[in-house]
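I have placed the structure first, in the form of structure tokens, so that the comments after it can refer back to it.
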Amino acid sequence: MASPQSSGLPGPPPPPPPPPPPARLLLLLLLLLLLPLAPGAWGWARGAPRPPPSSPPLSIMGLMPLTKEVAKGSIGRGVLPAVELAIEQIRNESLLRPYFLDLRLYDTECDNAKGLKAFYDAIKYGPNHLMVFGGVCPSVTSIIAESLQGWNLVQLSFAATTPVLADKKKYPYFFRTVPSDNAVNPAILKLLKHYQWKRVGTLTQDVQRFSEVRNDLTGVLYGEDIEISDTESFSNDPCTSVKKLKGNDVRIILGQFDQHMAAKVFCCAYEENMYGSKYQWIIPGWYEPFWWEQVHMEANSSRCLRKNMLAAMEGYIGVDFEPLSSKQIKTISGKTPQQYEREYNSKRSGVGPSKFHGYAYDGIWVIAKTLQRAMETLHASSRHQRIQDFNYTDHTLGRIILNAMNETNFFGVTGQVVFRNGERMGTIKFTQFQDSRELKVGEYNAVADTLEIINDTIRFQGSEPPKDKTIILEQLRKISLPLYSILSALTILGMIMASAFLFFNIKNRNQKLIKMSSPYMNNLIILGGMLSYASIFLFGLDGSFVSEKTFETLCTVRTWILTVGYTTAFGAMFAKTWRVHAIFKNVKMKKKIIKDQKLLVIVGGMLLIDLCILICWQAVDPLRRTVERYSMEPDPAGRDISIRPLLEHCENTHMTIWLGIVYAYKGLLMLFGCFLAWETRNVSIPALNDSKYIGMSVYNVGIMCIIGAAVSFLTRDQPNVQFCIVALVIIFCSTITLCLVFVPKLITLRTNPDAATQNRRFQFTQNQKKEDSKTSTSVTSVNQASTSRLEGLQSENHRLRMKITELDKDLEEVTMQLQDTPEKTTYIKQNHYQELDDILNLGNFTESTDGGKTILKNHLDQNPQLQWNTTEPSRTCKDPIEDINSPEHIQRRLSLQLPILHHAYLPSIGGVDASCVSPCVSPTASPRHRHVPPSFRVMVSGL
């Protein structure tokens, strides 16, 4: 008979040896008696009491590695004390009376060939085994389990956890008391649901065992509302896969790899910063105790320091089956799991422990209970078959044993022992790595499908469990309420100021200063400013104050109000300036009457253009509420969330085109205003001309609008900054415009009401440029070719005007001193007529007004150069004999003084028209005075 340790399949029996001599025969008989007691041979379990000779045995085939040369041999050696305890207790309880359990051990050495030979040797040379107990190494176990159905043998394993053996079509006669590797997946599902993790990723080592667990996990999670967002696998270097997991924002990582790869994985996790309060690693829990110390010493790599690996490992959760139940409940043997553990430790006496000893212990009890039920079934049947009559071709008894195995249900040292499709529904434990040690934190009962966390011992590195993904909190960027309140207060102050200007304008509308500045146009300027102020309130209303539908309506309303307000204010201002330009820059100097009604029509036309643009904009491409989403930002409060800012905008499809049209129109309007202000800069009637202030206003408004538009565009992602800039620009532009228009009038009216109407002359500056020659030519309009002559006359005119009052006074004194003698008369005619003629010619450059009428005289002749006689008459020629108060002398004095007063003074005080010839002119006056051509007149009404 071959030894169980021999390899290969059994061949045909060798030829019979020759008859041995007596000595050799005795030695052979001795070896046959001692052979069952040798290691690895058939026989009872080591240390088990021998049964009575009259008790028939129920043989069980034990297949497991036992030799020290095999790494997993420690498992077989470690479970033998537990097996001996179970067999002893079963015999003591006479559970199988009148039979006894006979376990015969065979060493498979974790080798496929040796294991298969041991199985066939046991069948050929051993007794008829009712069942097979054992199976540690997956490859050996799967080969034997696949052939069990042909021998009608049921196998029960206590250590084979490979998921391959769960295929009942391929292994219908295979059972195991230890949960398979796939048994952890329902436990993981329960843990994920407990912490509401609905998004996970997997990291799997390219080994069949781990790939099968990963595939089964995918099936378990499918349909449970849990998303596997990324599935990564690796062979040797896991860093690339870890980096991909981080790129896909995987926070909960389900790992399947051995302990050697675990060290590399956590080193990569440390490099990628995938640890701490934001991440949770869930890995197998069946690694060796203190595996990290052993693996790090074996690796001896300077790439990852020990403290770095421990930092990344902190908080990971390991999942594995529970070796022994933690419940203080008596098992089928009458002892609690804790009592059994003490007995096991005392019995193993130097043999290393195995974490499968509890499952081997419960496995012997499963076999005993199965055989007991099979015996009961045979006893109840009418066949009168005994269980010891079993053989490998007895399908009926084999099926009875199989059905009895499926009915197993009792509480053992490893928990409730029950099978579902041959798989053990056991208890799964959860351990967590805390402070460089593994601590049990919970367990999952597969039978009851319940998860129990032990006194909340799971410790997360954050204040709460990690999120399964980056929680994106969409946060609407809204305008700060304090900022809105401050700017609203400034706006209200601006509107109060505008109301004060309106009250001032209405109250003093009959004052000459206000009346000449067109109070109706002033009211429109104020109205436009107040509309611009009102738009600020609408610009500050966003989604935090109003609903989405209301916000969309505000998009249109605020655009209309601001556009109409701008056109109303600047349109009225430019219309006033155009009237001044039309009057004083009229080349033909004809009489022109421009009333306020015409200015209102001009402003109305500008508003009509605005309305046409806005109506087309609203009808063709209306403004809509759009939401712009920006890149995620970390939470300022330090929470494990990311904030995605949202910002509301008022936009449409062709926003650029419509804004271009509006900006072009407003820009042309502003350029036109600048042109008018420049053209009328020399008109020095304060009540009429606001060109200087309009120029200042346009300059400030233009600069502020350009800067404000640019900065507002650059800060569109910062609503507080954008609103602040827009509001301040509107407030500044409206305020500066109103102040420049009304403050000078207010000051003038308070200090000197008549100052605005005292100067009725044109003021021409001496520093006119060549580019202003057209304007100068249109004023003189008499001789356009005499530019140099005009400049000389203007300079001389300016100098002589300063002396006109003094000359008038001197002339009166000279006239009063005249004597009534022919010689003196002749002297006056010869010496003073030329001077009087020059004075009259100087008077033609003065301007006069009365009740809104302006009269301009120009008596320049065509002589190349005017010669002025500044020789004063002698004041010493007096005739004391003549009476200067005689009627004749008075008549002569009046004939000289009245023309002078007529031309120099009467137009200034509203007298007769300077264009007519005075009826009091002396018949001896110069012909030039008698035939003065009538001047053109320009009348302004309604100013």
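FYI, residue positions are counted from 1 along the chain as it appears here.
In case you wondered, yes, glycine gets a Cβ from its N, Cα and C as well.
Since we're looking at a predicted model, the values are computed, not measured.
Here TrEMBL flags 10-20 as compositional bias 'Pro residues'.
The compositional bias 'Polar residues' feature in TrEMBL is assigned to 775-789.
Mean per-residue pLDDT, taken over the domain 'G-protein coupled receptors family 3 profile' (483-765), amounts to 80. Sequence annotations record features per position, and here TrEMBL assigns domain 'G-protein coupled receptors family 3 profile' to 483-765.
TrEMBL lists 1-20 (among others) with the feature region 'Disordered'.
The region 'Disordered' annotation in TrEMBL covers 765-792 (among others).
Summarising the annotation, TrEMBL assigns signal peptide to 1-43.
What TrEMBL records for 481-504 (among others) is transmembrane segment.
Taken from TrEMBL, the feature transmembrane segment applies to 524-545 (among others).
Long-range contacts of the transmembrane segment (557-578) within the same chain: residues 517-518, 521-522, 524-525, 527-532, 534-535, 538-539, 599, 602-603, 606-607, 610, 614, 623, 650, 662, 666, 669-670, 672-673, 676-677, 680, 690-691, 694, 697-698, 701, 730, 734, 737, 741, each at least 6 residues beyond the stretch ends and with a Cβ under 8 Å from a Cβ of the stretch. Under the heading transmembrane segment, TrEMBL lists 557-578 (among others).
Summarising the annotation, TrEMBL assigns transmembrane segment to 599-620 (among others).
The feature transmembrane segment is assigned by TrEMBL to 655-678 (among others). If one looks beyond the transmembrane segment (655-678) by at least 6 residues along the same chain, the residues whose Cβ comes under 8 Å of a Cβ in the stretch are 563, 566-567, 570-571, 573-574, 577-578, 580-581, 606, 609-610, 613, 617, 621, 691-692, 694-695, 698, 701-702.
The feature transmembrane segment is assigned by TrEMBL to 698-714 (among others). Within its own chain, the transmembrane segment (698-714) is flanked in space by residues 570, 670, 673-674, 677, 722, 725-726, 728-729, 732-733, 736-737, which lie at least six positions past its ends and keep a Cβ under 8 Å from the stretch.
Counting only same-chain residues 6+ beyond the ends of the transmembrane segment (720-743), those with a CB under 8 A from a CB of the stretch are 479-480, 483-484, 487, 490-491, 494, 497-498, 501, 504-505, 522, 525-526, 529, 532-533, 535-536, 539-540, 562, 569-570, 573, 690, 693-694, 696-697, 700-701, 704-705, 707-708, 711-712. The feature transmembrane segment is assigned by TrEMBL to 720-743 (among others).
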Exercise. Any residues 6+ beyond the ends of the transmembrane segment (481-504) with a Cβ under 8 Å from its own?
Worked result: 522-523, 526, 529-530, 533-534, 536-537, 540, 720, 723-724, 727-728, 731, 734-735, 738, 742, 746
